[in-house]
Amino acid sequence: MADDDLRALVDSLDDASPENLANVIANFSLDMLQRASALIGAQQPHSGELLVNRTQQCQQQQRQEELEAARNLTGGGKRILQCPSSFDSVLCWPRTNAGSLAILPCFEEFKGVHYDTTENATRFCFENGTWDHYSDYDRCHQQSGSIPVVPDFSPSVDLPAIIYACGYFLSFATLVVALIIFLSFKDLRCLRNTIHANLFLTYITSALLWILTLFLQVITTESSQAGCITLVIMFQYFYLTNFFWMFVEGLYLYTLVVQTFSSDNISFLIYALIGWGCPALCILVWSIAKAFAPHLDNEHFIGLEIDCAWMRESHIDWIFKGPASLALLINLVFLIRIMWVLITKLRSAHTLETRQYYKASKALLVLIPLFGITYLLVLTGPEQGISRNLFEAIRAFLISTQGFFVALFYCFLNSEVRQTLRHRFIRWRESRNINRSSSIKNRSS
């Protein structure tokens, strides 16, 4: 995992152009890079290999310095408080006495561009033996006449993040409108639409928290541990409620189509307990396990401190990932059974075969986002090359716009909703015409 995290860190530097690289590096924060690594996808292989080699060299240097310090103590030397060797994805800063400034020559080459090595970069070691999170590369300038090497074509690493942001914004806007429609018209209040409304609400909260997390990552330079934990718990809870309400949708439709008993025998209270109560229980158990699990606080990888340990994935996350995966698998079984019943009824209806296939395909297309089968379609894919970048972009589009398609199919394209809106519009137009006619008569009289 450490190498993967470091590969993500170097891409934030690769995005800078050679002309303004010095200005970017002068103000870069290790904390900001570490938090932003979750939004960055693929990278160029040669950059990752170079970063890993530099990291390994810095680790070897750190081990040698530790051995020398141990020999010094064994020989009766005095222990001196120092900052350990640290790699900031650009330079390897050597062990430095506390309260002093470490000075290194500027890097010789970056992305095919040569820099002036006569200037120096600096980093401060605090009195408590910890490094400053900022490395000062302000004096590192490009050599005159240095021409950058044109890199090979590769898709933008930020494309999946852009697709996620656009998709969640689109889903959030459409779902809010759809939820307002379901809550505003009494003609639409039934068990089916109530379940839809709750599913819409989980999509809205999930999209809103994703947007909020992205916004905080962009504008904040220092993270609060309590705020981070609260945000992570809320995000995971509404993430899980989304899966459970997709399961409720599958359960309701399964009992309506496949089972002989009516779905009305299951009250909305039972569905609400499944959709809101079960995720709360799972997240409560997960929070307790996460809080008391060892090796979650003060974690480091290659000298970088993890701001919020709750953001790091671990085996404990299967406390909520397991139920979410189980809900998707059960929904897949529901979908297969429902489609089997539907195809059987279509064949017995003595309609044209092409018409039967059309209706079955339409039903399948509509049920896939409702049951969350989209997550299973993009569960795994290529791990390298252009195909990986293409898969990441497709997965970002399908996952982020799933809420939009649910609102589109089950609200805006729903015949019952459209009929209700049409009737309300006709009544409003007639009322406006009556008021206009009465006002004209009053003025004429």
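Glycine is treated like the rest: Cβ placed from N, Cα and C.
Confidence over the domain 'G-protein coupled receptors family 2 profile 1' (57-144), given as mean pLDDT on the 0 to 100 scale, stands at 79. The domain 'G-protein coupled receptors family 2 profile 1' annotation in TrEMBL covers 57-144.
The feature domain 'G-protein coupled receptors family 2 profile 2' is assigned by TrEMBL to 160-414.
As annotated by TrEMBL, transmembrane segment applies to 161-185 (among others).
Summarising the annotation, TrEMBL assigns transmembrane segment to 197-219 (among others).
Residues or ranges marked as transmembrane segment in TrEMBL: 231-254 (among others).
What TrEMBL lists as transmembrane segment is 266-289 (among others).
Sequence annotations record features per position, and here TrEMBL assigns transmembrane segment to 324-343 (among others).
What TrEMBL lists as transmembrane segment is 363-381 (among others). A Cβ distance under 8 Å defines the sequence-distant neighbours of the transmembrane segment (363-381), meaning residues of its chain 6+ beyond its ends; these are 199, 242-243, 246, 249-250, 253, 327-328, 331-332, 334-335, 338-339, 342, 387-388, 391-392, 394-395, 398-399, 402, 405-406, 409-410.
The transmembrane segment annotation in TrEMBL covers 393-413 (among others).
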Below 8 angstroms Cβ to Cβ, which residues of this chain, lying six or more residues outside the transmembrane segment (266-289), approach it? 191, 194-195, 198, 202, 233, 236-237, 240-241, 243-245, 247-248, 251-252, 255, 316-317, 319-320, 323
Among the recorded stretches 161-185, 324-343, 393-413, which has the greatest number of Cβ pairs closer than 8 Å to the transmembrane segment (231-254)? 324-343
Contact set of the transmembrane segment (161-185) with the rest of its chain, CB cutoff 8 A exclusive, min separation 6+ beyond the ends, reads 39-41, 193-194, 196-197, 200-201, 203-204, 207-208, 210-211, 214, 393, 396-397, 399-404, 406-408, 410-412, 417, 420-421, 424
Below 8 angstroms Cβ to Cβ, which residues of this chain, lying six or more residues outside the transmembrane segment (393-413), approach it? 155, 159-161, 163-168, 170-172, 174-175, 177-178, 181-182, 196, 199-200, 203-204, 206-207, 366, 369-370, 372, 374-375, 377-378, 381
List the helix, strand and coil residue totals of the domain 'G-protein coupled receptors family 2 profile 1' (57-144) as derived from DSSP. 18 helix, 29 strand, 41 coil
